[in-house]
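Novice: Before we start, here is the structure in question, set down as structure tokens.
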Amino acid sequence: MVHTASGREVRHGLEDDDADTICAMATPSGQGGVAVVRVSGSRALEVAEEVAGPLPAPREAGLRRFRDARGETLDHGLVLVFPGPGSYTGEDVVELQGHGSPAAVTAVLEALCAAGARPAGPGEFSERAFLNGRLDLTQAEAVASLIEAETDGARRAALRALSGAFGQRVDGLADRMIDLRALIEAFLDFPEDEDVPADPPELAAEIEALGSELAEIRRRAAAGVRFGEGIRVALVGPPNAGKSSLLNVLSGEEAAIVSAQAGTTRDVVRQWAALGSRHAELLDTAGLRDAEAQDEIEAEGARRARAAASEADLLLVVIEAGKTLDEELRARIAEQAPRPVVVIVNKIDASGDEAGWEGESEVGAHVRRARVSAHTGAGIEALRRGLAALVDREAGEDAWAARHRHIEALDRAGEELEEALVVARRGGQEELVAEALRRAQTALGEITGRVSHEALLGRIFSGFCIGKE
């Protein structure tokens, strides 16, 4: 028996209290043309009929008046019925589609609760879909990721995970671990049986193959985490090179103060923008120059600029046209490898240089170069296209929407495989190999829900929206 995030007790996907029926608004709150109220549970049909009257045939829309227990009309709209177990939650589901008036929605929800439903908790519809076997945990979380997606890349990554591809890959790897464990344990239990190999065949090679598959899964999941969080893009360079102007141009907002006076930016200024298929946090930093020329506040700003550069997924080094990279900037560029760097030559309107984007730079293979004028806009569109291509290439086209908990579980599985490999190469302690494989398999099971704990489910579903998931 498990106490779920909503506080219910469930066993094998079925509620102990069979009469527990939930309702919630499934569309965003506030005024709108249409609002959808969703009802799910063993009494969903009965409860909905109390409010909407005779229900239409399954999956056929019917126009109905919504009434309270006194018969007063609350609203009118369409009703759709989705019988379980073929519904989203695996239970009987009814949707009432009325007008997007907050007062009308509240009245309908109150009438449904008076008829026997209760308000749904955060993520409870997806939670029930998981408990009833309609979704694994990666798919349930992908629903939330799809709702939260702000870029096309994040949308695509969420749909890949929602299709079940992420969970199927993880479960497939776990099954391979089970098979290898079974082989090892058969050898340990029946060492003299001629039908059982005297030694697990190429045990170390088998574990290495599992590790390679795990690394590929982690790569795609880590890319998906970055889709959800966005990437950090730091703008660094000497004072008065035009970093703040570029941040404002790229973000479309006057987020940073622009002045002809050098050293205007003293702290890190943060602004979000879309770069290609990714959401990016642009970090405008204080100018970097010789320590002797800095006061105490400017020195602290430079320290923060260096910290931002070291943590950036993409580094934009901004210099004035006619100037060269100094020793510190060259060091920063070298330290950034293999993460991408773009050297942006700004203020070409004053130098007469031609605007453009260069695919390569003599500074390093991970470095690109652009020539722009933040003042006139020359070269800015080419810069946007170049940055978008860089960002999309780094993200890849095969990412799955993923969460930090997935990465943590994959890393734990990886540590167990490394331990198993060390023991396997040493030989003679196959039982320790089998135990390490079991722990790795358990870690993978937490990703899809094959292995689930009360605290894990509570943490996952409590972060979802009410009604939408």
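Here the Cβ of each residue, glycine as well, is placed from N, Cα and C on the backbone.
So Swiss-Prot lists the following for this protein:
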{"type": "BINDING", "residues": "Arg38, Glu95, Arg134, Lys468", "note": "(6S)-5-formyl-5,6,7,8-tetrahydrofolate binding site"}
{"type": "DOMAIN", "residues": "230-392", "note": "domain 'TrmE-type G'"}
{"type": "BINDING", "residues": "240-245, 259-265, 284-287", "note": "GTP binding site"}
{"type": "BINDING", "residues": "Ser244, Thr265", "note": "Mg(2+) binding site"}
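Thinking about packing and proximity, how do these listed features fit into the structure?
Specialist: Around Arg134 ((6S)-5-formyl-5,6,7,8-tetrahydrofolate binding site), taking its Cβ as the centre, 20 other Cβ atoms fall within 10 Å, counting all chains.
DSSP gives Lys243 (GTP binding site) a helix state.
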Novice: Can you tell me which of the binding-site residues Arg38, Glu95, Arg134, Ala286 is spatially closest to Ser244 (Mg(2+) binding site)? Compare CA atoms only.
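Specialist: Nearest in space to Ser244 (Mg(2+) binding site), counting only the binding-site residues, is Ala286.
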Novice: Select one residue from Arg38, Lys243: among these binding-site residues, choose the one with the most other Cβ atoms within 10 Å of its Cβ.
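Specialist: Of Arg38, Lys243, the one with the most crowded Cβ is Lys243.
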Novice: Quick check for the class: what is the C-alpha distance, in angstrom and rounded, between Arg38 ((6S)-5-formyl-5,6,7,8-tetrahydrofolate binding site) and Ala286 (GTP binding site)?
Specialist: 51
Novice: For Glu95 ((6S)-5-formyl-5,6,7,8-tetrahydrofolate binding site), which of the listed binding-site residues (Asn240, Lys243, Ala286) have their CA atom within 10 A of its CA?
Specialist: none
Novice: Taking the Cβ of each of the binding-site residues and counting other Cβ atoms inside 10 Å, which one has the highest number: Asn240, Ser244?
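Specialist: When each Cβ's neighbours within 10 Å are tallied, Ser244 tops the list.
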Novice: Just how many other Cβ atoms lie inside 10 Å of the Cβ on Glu95 ((6S)-5-formyl-5,6,7,8-tetrahydrofolate binding site)?
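Specialist: I count 18 other Cβ atoms within 10 Å of it.
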Novice: Could you give the Cα-Cα distance between Arg134 ((6S)-5-formyl-5,6,7,8-tetrahydrofolate binding site) and Lys243 (GTP binding site), in whole Å?
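Specialist: With distance taken Cα to Cα, Lys243 (GTP binding site) is 50 Å from Arg134 ((6S)-5-formyl-5,6,7,8-tetrahydrofolate binding site).
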